[in-house]
Structures are given as structure tokens and as C-alpha cells.
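So Swiss-Prot lists these for the protein:
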- 1-24: compositional bias 'Basic and acidic residues' (COMPBIAS)
- 27-44: compositional bias 'Low complexity' (COMPBIAS)
- 1-44: region 'Disordered' (REGION)
- 1-52: topological domain 'Cytoplasmic' (TOPO_DOM)
- 74-82: topological domain 'Lumenal' (TOPO_DOM)
- 104-125: topological domain 'Cytoplasmic' (TOPO_DOM)
- 197-211: topological domain 'Lumenal' (TOPO_DOM)
- 233-239: topological domain 'Cytoplasmic' (TOPO_DOM)
- 261-277: topological domain 'Lumenal' (TOPO_DOM)
- 299-314: topological domain 'Cytoplasmic' (TOPO_DOM)
- 336-356: topological domain 'Lumenal' (TOPO_DOM)
- 53-73: transmembrane segment (TRANSMEM)
- 83-103: transmembrane segment (TRANSMEM)
- 126-146: transmembrane segment (TRANSMEM)
- 150-172: transmembrane segment (TRANSMEM)
- 176-196: transmembrane segment (TRANSMEM)
- 212-232: transmembrane segment (TRANSMEM)
- 240-260: transmembrane segment (TRANSMEM)
- 278-298: transmembrane segment (TRANSMEM)
- 315-335: transmembrane segment (TRANSMEM)
Amino acid sequence: MEYRRVKDQESYDVVSQKDIESPGERSLSSTSATSSLSTAGASKGKNSWKLKSIVTLALTLLTSSQAILIVWSKRAGKYEYSVTTANFSVEALKCLLSLIALYRTWNSQGVTEDNRLSTSFDEVSVYPIPAILYMVKNLLQYYIFAYVDAPAYQILKNLNIISTGVLYRIILKKKLSEIQWAAFILLCAGCTTAQLNPSSDHVLQTPIQGWVMAIVMALLSGFAGVYTEAIIKKRPSRNINVQNFWLYIFGMLFNLVAICVQDFDAVMNKGFFHGYSFITVLMILNHALSGIAVSMVMKYADNIVKVYSTSVAMLLTAVVSVFLFGFHLSLAFFLGSTVVSVSVYLHSVGKPQPQK
């Protein structure tokens with residue numbers, strides 16, 4: 001009996017000690033839980049910002065080297081390869097990269113409703129429109145150099161900045177503030193000023209075909225970009241690689257039709273990869289990675305960010321050209337760079353405030 005009383009007293013002492021310590025422990029536990037949630041939220045926000053930054057930087061770097069690779073892929077002033085097969089190769093490579101990314105997702109997360117390839121007709125039926133628009137725009141990108149030189153092309157390319165802003169307002173019904181509209185105008189002025197040099201006078205002598213192609217490219221680029229963003233963001237939880245896969249599948253189909261219509265005999269007689277060089281392969285790889293980067297910018301940022309990325313890339317191209325081609329950067333370039341920097345800042349701080 002005495003032994004039992006001793007054991008009961010020991011048990012009581014242990015329980016009492018736990019009761020004394022438990023309020024502090026519960027407080028510490030609660031604080032730890034709150035801290036963990038705050039850390040998780042901050043980590044998620046940091047990761048999101050990091051992803052946006054990486055994708056935007058990648059798009060800027062890829063776009064800045066795009067024009068250089070297109071020019072380098074020429075031989076004796078012309079393309080010895082078929083531009084339709086090059087476009088098809090770009091779409092095929094993008095499709096392959098999307099499948100590889102999906103395969104890794106399936107291995108790590110399993111197949112879910114949001115990352116499975118199977119889809120409904122309603123979902124997939126919207127992809128042919130941007131696919132055919134991108135195909136035409138990409139083909140025009142090669143042919144416009146028959147009518148304009150590189151500086152003139154860079155200046156005319158700024159037309160898509162305005163078309164994107166207008167279509168962004170019309171299609172996505174998203175309001176742009178007066179400051180943002182002013183930023184668009186400044187951006188056009190800045191990019192144009194930065195590209196001015198003695199040869200830029202040729203832009204006034206550009207044949208009507210060159211002007212028409214530049215305007216059509218601007219409209220196609222703006223409409224396809226905004227329309228694609230609307231599709232991608234319509235179902236935010238949908239895996240971006242699944243959305244890309246279906247867009248690129250239709251891109252392959254339309255480019256295959258273009259090959260049959262335009263270069264069928266040449267491909268049959270000389271081969272699909274006739275005239276390809278190492279620079280051509282680099283150009284195709286660049287276009288493929290650029291396309292994926294654009295879609296990720298649309299998914300995790302917006303099409304306006306894409307426009308500013310490509311605009312900054314134009315200035316980067318000019319800087320790189322100093323080392324590659326010995327180009328001289330005039331005062332106009334530095335003035336234009338300053339104006340572009342100001343426009344980027346105005347666009348960032350001029351976003352419409354949500355109504356309370």
C-alpha cells in the first residue's frame with residue numbers, strides 16, 4: 001500500500017509539472033505555427049517574384065539575340081534554307097520541350113486533372129486562332145527584310161507596342177491608366193530615338209510593301225499575344241505545359257500546310273534540312289525558347305511585361321552590336337535609353353488602383 005501511494009504521488013508530481021509547463025509550451029507552439037505560416041507566405045511570394053524575374057530576364061536575353069541570329073543565318077543576302085521548315089522545326093521543338101517538362105511533372109506530382117493532356121473540344125478549339133496568327137507573323141518576320149534594313153525594321157517593330165496596348169484594353173477589358181498610356185507613347189518615342197542613326201532615314205523610303213508588312217505584323221503580334229494570354233489565364237490552375245502543347249500542335253499543323261503549299265517541291269527534291277547551318281540551328285533553338293518564355297510571361301505576369309521585355313531587348317541588341325559589329329552608339333541612343341527607362345518606371349507605378 002505504501003508503495004502504491006509513493007507511485008501515485010510521483011505520477012501526480014509529473015502531471016502537475018506538465019500542467020505548469022503546458023501554457024508556455026502552448027504559447028510557444030502557437031507562436032511557432034504563426035511564424036511558420038508567415039515564413040511560408042513570404043517564401044511563396046519570394047518564389048513567385050523570382051520565377052517572374054527569371055522568365056522576364058530570359059525573354060529579354062533571347063529576344064535581344066533573335067535579330068542577330070536571323071541576319072547571320074543568311075548567306076549572300078538570302079536564306080538558303082526553307083523558312084517554312086524552320087518555323088515547323090521551332091514549333092516541333094517547343095512541343096517536345098513542353099512534353100519533357102510535363103513528363104517531369106507527372107513523375108513528381110502524378111497525373112492530375114490540371115496536368116493531363118486529355119482535354120475537351122471546347123478547351124482545345126480556341127488554340128487554332130493564335131496558332132495561325134503566330135505562323136503568319138513569324139513568316140513575315142523573315143520576308144520583311146527584303147524591303148527594309150535592320151534599323152528600319154527595329155523602328156517599324158515599335159508599332160506592335162501600341163497595338164498591344166489597345167487590344168489589351170479591348171479584348172481583356174482591362175483598364176490602363178492615363179499614366180500607362182503616356183508610358184506607351186514614351187516607350188515608342190524612346191525606342192525609336194535610340195535606333196536613330198544616319199541610315200534610319202531609309203525608313204521614309206520604305207516601299208509600300210514594307211509598311212504593309214510591318215503594320216500587319218504589329219496587328220498580328222498584338223492580337224495573337226493578347227488572345228493567347230486570355231486563353232492561358234482563363235483556367236489559371238491548368239498546367240502551362242499542357243496549354244503550350246496544344247498551341248504548338250496546331251502551330252505544327254499550320255506550318256506543315258505552309259510547307260506543302262510553298263516549299264513542297266524543294267523539300268521533296270533537296271530534303272527537309274537543306275541549307276541548314278549551325279547558325280540556323282541556334283536560331284531555331286532561340287525561337288523555341290523565346291516562345292516558351294513568352295507563354296510563361298503571359299501565365300505568370302502579363303502581355304504588357306512581354307512588350308517591355310522585347311523593347312528593352314532592342315536596346316540590348318544595340319549594345320551587343322557594338323562588340324560584334326563595331327557599331328557606334330550615338331547620343332540619340334543614350335537619350336532613347338533614358339526615355340525607355342522612365343517609361344518602364346511610369347508603367348510600373350501607374351497601374352490603376354483597385355476600387356474600394
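Note: Cβ is positioned from N, Cα and C throughout, glycine not excepted.
As the structure is a computational prediction, the values presented were derived from the model and not from experiment.
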Ranking 53-73, 212-232, 315-335 by the number of C-beta pairs under 8 Å to the transmembrane segment (278-298), which range is first?
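If we count Cβ pairs closer than 8 Å to the transmembrane segment (278-298), 53-73 scores highest.
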Given the model, what does the mean pLDDT over the topological domain 'Lumenal' (336-356) come out as?
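Mean per-residue confidence for the topological domain 'Lumenal' (336-356): 73 out of 100.
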Do the transmembrane segment (315-335) and the transmembrane segment (126-146) share at least 3 Cβ pairs under 8 Å, sequence separation 6 or more?
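By the criterion, they do not touch.
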Under a Cβ pair cut-off of under 8 Å, which of the recorded stretches 53-73, 126-146, 240-260 contacts the transmembrane segment (83-103) most often?
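Ranked by Cβ pairs under 8 Å, first place goes to 240-260.
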For the transmembrane segment (53-73), what are the same-chain contacts with Cβ under 8 Å, counting residues 6+ beyond its ends?
79, 81, 141-142, 145, 150, 153-154, 277, 279-280, 282-283, 286-287, 289-290, 293-294, 296-297, 300-301, 305-306, 309-310, 312-314, 316-317, 320-321, 324
Which sequence positions outside the topological domain 'Cytoplasmic' (104-125), separated from its termini by at least 6 residues, show Cβ-Cβ distances below 8 Å to it?
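For the topological domain 'Cytoplasmic' (104-125), the far contacts come to 235, 237-239, 241-242, 245-246.
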